[in-house]
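Here is what Swiss-Prot says about this protein:
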| type | residues | note |
| --- | --- | --- |
| TRANSMEM | 3-23 | transmembrane segment |
| TRANSMEM | 36-56 | transmembrane segment |
| TRANSMEM | 60-80 | transmembrane segment |
| TRANSMEM | 93-113 | transmembrane segment |
| TRANSMEM | 169-189 | transmembrane segment |
| ACT_SITE | Cys173 | active site, acyl-thioester intermediate |
| TRANSMEM | 200-220 | transmembrane segment |
| ACT_SITE | Arg214 | active site, proton donor |
| SITE | Arg253 | site 'Transition state stabilizer' |
| TRANSMEM | 259-279 | transmembrane segment |
Amino acid sequence: MPGLLSDILAWVVIGTFVAGAVANGRDRELGRRVMTAAWVLFALFWLQLIPHFTLVHKSYIEGLLTIAAVPASLYAGWLLYNGRDTLFVLSRAVAAMGVVYLPFETIPAFTLLGATVPAPRGVLMETVAAQTRFLIESLGYTPQMIVGDQGYLNTFLWMQGSHRLEISVVLACTGLGSIAIFAGLIAAVDAPMGRKLRGLAIAVPIIYALNLLRTTFIAISVGKQYFHLFVDEVLFLFGSSDPYMVSFFISDRIISQALAVVALVGVTYLVVHEVPELLTVIEDVLYMVTGDEYDLRNELGLD
């Protein structure tokens, strides 16, 4: 995230969703009003992230999704306020996603009773970086592992002649975001705990393993400059002047992000066979996009 104010806003948004979920259990109409307010705040949250993803992060896919999230959040709040009660499930899911993700994003290292407790993000990033290093070295490559800009041992140093190429495993490279999405969705639906746990047992290992393949692919592709192709066109497309970034843009921003969408669809297909209640959320999203009602349980033969 861009900074402290963004982190604070994120906690306010998630806190409002959690408050709405609690209120909904006691007074449905109060819960509806609180969750509607949460969706408006969620739209503001995505709005302030647009410059980060489009101008700083230079990700077309994430940038477009962030832009789309603003009206989508407002529309979800409007539908919920006007009686589409199935959106209570999606609202609870957003609350649970935030509870899973934000501690890693925002909690710093601290000292407790004389013992230093490391930042959760640092532990996760260093763990993923170490496992990525194992895969890279298993393929015969030997980049040096160094401490990155954030102070964690999460960065690979490659040399192209006399030019240093540093590729860091940041929080967005850990798979946590996708894991939080599925954890939130599964936690939010009304289903037996056994099936929920089976759904998590499917989603989490697959996402984590695929993410390790992704970080390995990107680190090698950038370190060895395997996608140094269409240099002028790619630099123009992403607004950059560094030719060494071309392999990164192609391997990460184009190939990996496109494959990530396909992977998420595949994981969703597997999970809904264990937790078909998730289809309620998918049906709501499809309704928001198309304006048509769907019965996915019947279409997928999951009744």
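The chain as shown is numbered from 1 upward.
Keep in mind that glycine also has a Cβ here, set from the backbone N, Cα and C atoms.
Fair warning: this is a prediction, and the values are worked out from it, not measured in the lab.
Features recorded in Swiss-Prot, as mapped to the structure shown.
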residue: Cys173; record: active site, acyl-thioester intermediate; DSSP class: helix
residue: Arg214; record: active site, proton donor; DSSP class: helix
residue: Arg253; record: site 'Transition state stabilizer'; DSSP class: helix
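The transmembrane segment (3-23) makes contact with the transmembrane segment (93-113): 3 or more of their CB pairs lie within 8 A, with pairs spaced 6 or more apart in sequence. Away from its own ends, the transmembrane segment (93-113) comes close to residues 1, 7, 10-11, 13-14, 17-18, 20-21, 38, 42, 119-122, 124, 171, 176-177, 179-181, 183-185, 187-189, 281 of its chain (Cβ-Cβ under 8 Å, at least six residues beyond either end). Long-range neighbours of the transmembrane segment (169-189) within the same chain, counting only residues 6 or more positions beyond its ends whose Cβ lies under 8 Å from a Cβ of the stretch, are 89-90, 92-101, 104-105, 121, 124-125, 128-129, 132, 150, 154-155, 196, 199-200, 203-204, 207-208, 210-212, 214-215, 218, 260, 264, 267, 271, 275, 277-278, 280-281.
Listed by sequence, the residues of this chain that lie at least six past the ends of the transmembrane segment (36-56) yet keep a Cβ under 8 A from its Cβ atoms are 1-2, 6, 9-10, 12-13, 16-17, 19-20, 62-63, 66-67, 69-71, 73-74, 76-78, 80-81, 91, 94, 239.
A Cβ distance under 8 Å defines the sequence-distant neighbours of the transmembrane segment (60-80), meaning residues of its chain 6+ beyond its ends; these are 32, 35-40, 42-43, 46-47, 49-50, 53-54, 87-88, 90-91, 253, 257-258, 261, 284, 288.
When the Cα atoms are compared, the residue listed as 'active site, acyl-thioester intermediate' and Arg253 (site 'Transition state stabilizer') turn out to be 12 Å apart.
If you measure from the Cα atom of the residue listed as 'active site, proton donor' to that of Arg253 (site 'Transition state stabilizer'), you get 12 Å. Within the same chain, the residues at least 6 positions away from Arg253 (site 'Transition state stabilizer') whose Cβ sits under 8 Å from its Cβ are Lys58, Ser59, Tyr60, Ile61, Phe238, listed in sequence order.
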